[in-house]
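Participant: Handing you this structure, nothing more for now.
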Ligand code: WTA
């Protein structure tokens, strides 16, 4: 799986990059020598109403636990993304929107136009009574209005909670209730891969379970009229009545910017909270460090704004840096596997940033779909979301980039706000499958199960020992859960949940999650969430879910299901359970394999031994390890015999 071939920095990059090897060393040195000075210097890239005089005031220790950056600074995030560019480049393109349908018409917005749209959306929100600190749920397709809504919240100090448009009404309702949001922004329908998604109808269904919901703003995208209720407002009607200027709310650096729900090992998804100053700095800084973007570049992050990648690298990072950002409504391989490359040609994209799962799917369809396109505008290729297998890396490099574009593999998490371990194109030699080296100011460690620090070339669990500006601040409504989840496994350190190898050159190779989180197509899914959905079905007594290797998705979902007494296993029931989970959570949570199991391997104290279930799902049944502590070792034989291939 590993490939130690070194890809040196191409000459052109070494000569022209903003950060070359010497400058990168200087950044590391400065960050180590005087962190406060270093971070306050970096913070100057933002426009502050009141510049901060303090940097890191965080502690990972139980006694004085808390994450706090630039505590006395004041700024507005939306002002940093639009207003401050108006004088110098108000007429430059800020946002290019590419529709799902290749025959459709792209939309373009200058920084001035973006600014006006954001102000209008902000005024509509204000007219609905939204004020600083209120939570606004955004359940949108990938259309420009989604960007306007997000930035409008930032402008007036409302906290946005974007919920991926692929989530079910049930999942949406849970997220509305958790942060007690009274207003949802949605669209009549969404479009993806030629199919429509009934977003407004989903919101109606969610509203039945979420009584706090008072208002729904509906963006019209189709001619067909969706049924409206007394809660609903058409955005086009509301926006016609408001002005295109709106004062920006002055915010403390530590005022919340957004909540984003993400899956963990246990329980319900948690609301990861990011704040204004530190998050925006980390978004902008990492976007520049890793991607060396400059005015004139056309940047395309092919994620969905429902995930953190979309927040940081479709919107906040590039817009804060004044870079043109592309937003694409559809799928990379629809109508066919050339589509992603055609979009690059159409808009002369200079950097594309996508996920290994997309690359593996495109690779399967063969090189002809790539070779049929030009791609000469590309100078950099990015990847994120899961470990990239060296084969996909080499294909991306050789076929897509024709050998001339460095691959920027960025390791990070919803919790980290932006990239943490990643190359700088003008300074870092690359190895296929390695996210390379920590960014300046980031201090990772590898530790063993007991927390002992492992030095040199080694493999262990990845922790971060010092705070950084983009670190999440809390779990919405449950600060104790934040502390318990991330800072108690290895006291005094932030535990990422990832396993990792470090080679003799100090390069980091993420090996995947070591907790009960599965990474399906670069999307995080908690095994506990899928299990709770399964046991809600009246025929299911018990369920245990683990990850299994999957060619395209990276990991697939393997579910062991014990039925209630008297219920018969069948292929029909398997299908029923699959669609049951889709309805409860969303298509991304659909189990790839369901094995009916009369019993699950449990210890005498009743704990399910997932290690064994993982091995069976992986097809690795020769080394199941010690099963003598099981209450009934015979269940293992049955599981092995009836494994679903
Ligand atoms: C995984 C996505 C290897 C990792 C930004 C992490 C990666 C989880 C990479 C976070 C990468 C993300 N190489 N693994 N370049 N990027 N991961 O919160 O397991 O959706 O913990 O954030 O994805 O997923 P999340």
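From the backbone N, Cα and C atoms, a Cβ is placed for every residue, glycine too.
So TrEMBL lists these for the protein:
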- 26-81: domain 'Acetyl-coenzyme A synthetase N-terminal' (DOMAIN)
- 84-467: domain 'AMP-dependent synthetase/ligase' (DOMAIN)
- 192, 193, 194, 195, 309, 333, 521, 582: CoA binding site (BINDING)
- 385, 386, 387, 409, 410, 411, 412, 413, 414, 498, 513, 524: ATP binding site (BINDING)
- 529-607: domain 'AMP-binding enzyme C-terminal' (DOMAIN)
- 535, 537, 540: Mg(2+) binding site (BINDING)
- 607: N6-acetyllysine (MOD_RES)
Participant: Give me the mean pLDDT over the domain 'AMP-binding enzyme C-terminal' (529-607), rounded to a whole number.
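Facilitator: Overall, the domain 'AMP-binding enzyme C-terminal' (529-607) comes to a mean pLDDT of 95.
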Participant: Give me the Cα-Cα distance between residue 537 (Mg(2+) binding site) and residue 513 (ATP binding site), rounded to a whole Å.
Facilitator: 28
Participant: Should we count any of the binding-site residues 192, 195, 309, 385, 387, 414 as near ligand 1, judged by a CB under 6 A from one of its atoms, and which?
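Facilitator: By the Cβ criterion, which requires under 6 Å to ligand 1, the hits are 309, 385, 387, 414.
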Participant: Using only C-alpha positions, which one of 385, 414, 540 is spatially nearest residue 521 (CoA binding site)? These are the binding-site residues in the record.
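Facilitator: Sorting the binding-site residues by distance from residue 521 (CoA binding site), the top entry is 385.
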Participant: Most Cβ neighbours within 10 Å: which of the binding-site residues 333, 521 is it?
Facilitator: 521
Participant: What is the Cβ neighbour count of residue 582 (CoA binding site) at a 10 Å cut-off, with all protein chains included?
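Facilitator: The answer is 17 other Cβ atoms.
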Participant: With a 10 Å radius around each C-beta, find which of these binding-site residues (309, 410, 414) has the fewest other C-beta atoms nearby.
Facilitator: 414
Participant: Which of these recorded positions is closest to residue 535 (Mg(2+) binding site) if you go by CA atoms: 333, 385, 607?
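Facilitator: Nearest listed residue in space: 607.
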Participant: For residue 414 (ATP binding site), which of these recorded positions sit within 10 Å, Cα to Cα: 193, 194, 309, 540, 607?
Facilitator: 309
Participant: Within 10 Å of its Cβ, which one of these binding-site residues (192, 195) has the largest number of other Cβ atoms?
Facilitator: 192
Participant: Would you count the other C-beta atoms found within 10 angstroms of the C-beta of residue 535 (Mg(2+) binding site) for me?
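Facilitator: I get 14 for this one.
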Participant: Check the Cα-Cα distances from residue 193 (CoA binding site) to the binding-site residues 385, 412, 513 and tell me which is shortest.
Facilitator: 385
